[in-house]
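Engineer: What follows is a single structure, and I will ask about it in a moment.
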Amino acid sequence: MKWEEEGYTRKDEFGNMISIEEYEESQRPTGASRVMTRGDLKLYAICGVGFFLDSYDLFIINLVTPIWTYEYWGGLAHPPKKTPTYPLLLRGAVNAAANIGNIIGQLSFGFLGDAFGRKFVYGKEMIIMIVGVILVISLPNNLKGPTRNKFWYLFGMRVLMGIGIGGDYPMSASIVAERSSLRNRGRMLGWIFSNQGWGTLAGSIVTLIVLGCFSKALKHGEYNQLDAVWRIQIGVALVPAFATLYQRLTMPESKKYLQSGELSMLKSSSLSSSATTMDYTGKGAKAHTTDADSNDVSSQDRNASIVEAHVAPPTRDVQLKTFMVYFSEWRHLKQLVGTASCWFLVDVAFYGLNLNQSVLLAAIGFSKGKTEYDTLLKNAYGNLIIAAAGYVPGYFLTIYFIEILGRRWIQIQGFLVCALMFGIIAGDYKHLGTAGKFVCFTIAQMFFNFGPNATTFIIPGELYPSRVRGFAHGVSAAVGKLGAILSGVLFNYLSTKIGVANVLWIFFACNVAGAISTFFLVPETKGVDADALDFKECQEKVARGRAM
């Protein structure tokens, strides 16, 4: 499969450069409606698999934890009816391990992707994830010492796996944003991120299939078979990972990244005489040339966007300083505070719900069973229903409406609806029945994904110019994962100390705060080309310098 930058390498059937308007007109569907172009489908296949695996590997822990509880903390070593003794803080640490790795991966790969290019780092994050998964499912059962030693091993290997998963966030977001046309950029980022929904759904389906395969043994109390169950559950992720690894490793460099990076080292004279610029929104291309430029730039190139003007990579010493220089201005730092804080607030509630959905289903009485097998089966069914009815449809609502309603509106209404659902459950926790709580959790899942879980990923991919996009996206995502870690580590502990209802009130407060933060700090990115705006800001600085 060949990589293409269809949205930015705009040529007609004869190989001549054409304007963005002409390109987008040529991409309009004729006859039957086309959801994606050929280039979009390639991006979806290669980058989308990464988020499928991200979700599968992150949230499969929600379905594996009950199995570990039975196998290692009360199923095999003790009589089956004994209450499991999986320590709450240790369970929280293992659940949060992948998110700890996420922070390392998001910051490091985001930084390296901006400093050395997308081609230099893309695919390496997949290798790290593959190694991490292999080491997790290779847990040695003969590991000496108490049972907790095995779980500290799992903690370390899940951190390693999380580094690879985290690296995929800034890199895939940057690559998709830089290879999509402005008209469908938000929708394309939504398509890529929607694979999280399929990953979560696949985790529930795989669990049901594997439990079915071992049902005879498990029904007869042969809980030693659980060891094979959880290793298969986690190991399935290796199949699509290996299938897409080669395509990631052979990706060519993004032309838009190269062009944007040049702004970090252009001198004032170069900026003022740059061959090509765009209007404020990037919807059209306008030529601005000097006499010297006319000798080097063809008329066709003048009609192209800024991304076609240059393809020379920036020098490393300049690029490494770019992030600090760019965000030394409050107008840019304010945006970073906005995207990071919103991501943190949504992840406190989102991961608190998803990493502990099995605990919540048990707490509301949904997954109670006569035997351990019945409990595991009902838990898998509950996760499947929530994923199919709420989790997955939410992403597709975002995809459909994002270019109509805009990003800010979707993010604010998502925060508020989720706050309402948590408020309903928490406010009437003792009297609201199992069915009512289950429905509210399902609606919350839908509006997380038709809301801030999707848009906190999409907005940083569009808001920042290519020369700082990877690291800015990585910083925003890493701050978000701090919220996920807090939920992963503290949810079970707090739910026993202050009760599930009060934990849900914390989720309520986080969602309200997220809506407020979005309103005051996050701009609308619909129809805005951050690279064109970055170029315009650089020209304005040159003009002010000359005036002085």
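Cβ atoms here come from the backbone N, Cα and C positions, even for glycine.
Keep in mind that TrEMBL annotations are predicted by a computer and have not been checked by a curator.
Copying in the features that TrEMBL gives for the protein in this structure:
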TRANSMEM  43-68  transmembrane segment
DOMAIN    43-526  domain 'Major facilitator superfamily (MFS) profile'
TRANSMEM  88-109  transmembrane segment
TRANSMEM  121-139  transmembrane segment
TRANSMEM  151-177  transmembrane segment
TRANSMEM  198-218  transmembrane segment
TRANSMEM  230-249  transmembrane segment
TRANSMEM  380-402  transmembrane segment
TRANSMEM  408-426  transmembrane segment
TRANSMEM  438-459  transmembrane segment
TRANSMEM  471-491  transmembrane segment
TRANSMEM  503-522  transmembrane segment
Engineer: For the transmembrane segment (151-177), could you work out the same-chain residues 6 or more beyond its ends whose Cβ comes under 8 Å from its Cβ atoms?
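Structural biologist: Distal contacts: 43, 47, 50-51, 53-54, 57-58, 61, 68, 72, 90, 93-94, 97-106, 108-110, 113, 118, 121-122, 124-133, 135-136, 139-140, 143, 185, 188-189, 192, 251, 254, 257, 457-458, 460-462, 466, 469-471, 473-474, 477-478, 481.
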Engineer: Considering only Cβ pairs under 8 Å, which range in 43-68, 230-249, 408-426, 438-459, 503-522 makes the most contacts with the transmembrane segment (380-402)?
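Structural biologist: It is 438-459 that shares the most Cβ pairs under 8 Å with the transmembrane segment (380-402).
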Engineer: I need to check the long-range neighbours of the transmembrane segment (408-426): which residues 6 or more away from its ends have a CB within less than 8 Å of a CB in the stretch?
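Structural biologist: The answer is 342, 345-346, 349, 398, 401-402, 432, 437, 440-441, 443-444, 447-448, 450-456, 459, 501-502, 504-505, 507-508, 511-512, 514-515, 518-519, 522-524.
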